[in-house]
Amino acid sequence: MLILGIESSCDETGIALYDTERGLLAYALHSQIEMHSEYGGVVPELASRDHIRRALPLIQKVLNDAKLALSDIDGIAYTQGPGLSGALLVGTCIAESLAFTLNVPTIGVHHLEGHLLAPLLEENPPQFPFVALLVSGGHTQLMKVTGVGEYELLGDTLDDAAGEAFDKTAKLLGLAYPGGPAVSKLAIQGSKGRFKLPRPMLNSGDLNFSFSGLKTAVLTLANQNESDLQTKADIAYEFQEAVTEILTTKCMSALRQTGLDNLIVSGGVGANKRLREQLNFATKRKLCHVHYPRLEFCTDNGAMIAFAGAMRLKALEGSQPSHSFTVRPRWDLAELQKPQ
Ligand code: KG4
Ligand code: ZN
């Protein structure tokens with residue numbers, strides 16, 4: 001089954017072709033980061049307009065790269081939510097109208113399920129069940145994953161997401177959007193031991209997180225010190241240490257509590273080098289395994305949507321395509337069920 005995947009929930013137009021027999025055949029992405037950077041964040045209306053411009057040429061590109069035609073497509077998966085409603089509507093309308101003309105089924109994919117399953121696109125994927133750490137701009141969650149659509153929430157952030165904390169810290173330090181890569185780049189020049197930030201909820205005994213206090217502590221540090229580059233680098237260093245230590249400790253607790261030995265990490269913050277270093281070290285010590293998507297599939301992309309859609313469309317094979325649709329800008333992952 002050849003699935004076309006379309007991601008347009010925020011500031012990236014991601015398109016991919018995934019074949020249930022042959023794997024990932026082609027993928028392409030247009031990032032709007034440059035366009036939004038002058039505003040310091042995503043401007044929803046500009047995002048929607050840009051998705052309109054990019055989606056069809058990118059679909060043509062992946063078809064050319066895979067030497068396939070529109071008529072080879074057996075199903076279309078698109079991000080139905082959560083995300084920006086205008087941006088979601090662009091991908092949804094394109095997916096549904098193409099599918100209508102091709103007479104193939106569609107599947108509306110939950111964006112976070114896409115992130116969650118992205119590590120399974122890599123070689124030697126883990127078998128279910130496993131623990132998943134989902135760390136993106138909007139979410140910081142630990143889950144027990146028993147199968148597609150079988151997600152048990154083990155822990156969640158009580159306030160800001162880890163990616164959001166990176167983004168806000170970047171803003172406080174006068175760095176560019178998006179903050180995660182900018183903070184971690186600056187942290188390389190930072191020195192250990194000059195500053196000490198708190199590790200909120202590190203020993204809370206549960207698997208929940210809290211990052212808003214850390215942001216306030218960064219603000220206090222920034223106000224109390226000179227704003228020279230070395231000081232900013234030292235703050236960035238310590239901030240990254242605090243976040244990655246908290247995430248690593250909670251992941252290890254989740255493995256211990258569930259008795260599982262496989263961890264997967266997904267979402268934008270999963271691209272963070274220091275986090276990967278810490279998780280690699282901690283899991284190795286406990287004879288556990290950690291799996292990541294390749295760096296470019298940590299952040300938003302079409303491959304994860306094509307893959308998650310393929311998993312669900314396989315279960316629906318043979319049913320009559322229906323092309324009524326709606327987007328779900330707010331959509332709780334806990335509402336998902338096993339494909340029937
Ligand atoms: O998964 P994603 O692309 O979008 C959401 O679904 O939210 O994640 C974006 C988030 C942003 O907050 C960004 O700052 C963060 O991931 N991020 C990083 C890194 N790369 C992206 N955070 C820390 N280190 C990175 N290298
Ligand atoms: Zn995302």
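Yeah, the Cβs are placed from backbone N, Cα and C, and that goes for glycine too.
Annotations in TrEMBL come from automatic prediction, not curation.
Taken straight from TrEMBL:
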DOMAIN    24-307  domain 'Gcp-like'
BINDING   His111, His115, Asp300  Fe cation binding site
BINDING   Leu134, Val135, Ser136, Gly137, Gly138, Asp167, Gly180, Asn272  substrate binding site
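Mapped onto this structure are the features recorded in TrEMBL.
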residue	record	CB count, 10 Å
His111	Fe cation binding site	26
His115	Fe cation binding site	29
Leu134	substrate binding site	26
Val135	substrate binding site	30
Ser136	substrate binding site	24
Gly137	substrate binding site	22
Gly138	substrate binding site	17
Asp167	substrate binding site	24
Asn272	substrate binding site	26
Asp300	Fe cation binding site	26
Other CB atoms within 10 A, centred on Gly180 (substrate binding site): 27
Farthest-apart CA atoms of Leu134, Val135, Ser136, Gly137, Gly138, Asp167, Gly180, Asn272, residues recorded for substrate, distance in Å: 17
Residues within 8 Å of the His111, His115, Asp300 Cβ centre (excluding the Fe cation site residues themselves): Glu7, Ser9, Thr79, Leu112, Gly114, Ser136, Gly267, Thr299, Asn301, Met304, Ile305
Neighbourhood of ligand 2 - binding-site residues from Leu134, Ser136, Gly138, Asn272, Asp300 with Cβ under 6 Å: Ser136, Asp300
Contacting binding-site residues for ligand 1, chosen from Leu134, Val135, Gly138, Asp167 when the Cβ sits under 6 angstroms of any of its atoms: Gly138, Asp167
Secondary structure at Val135 (substrate binding site), reduced by DSSP to three states: strand
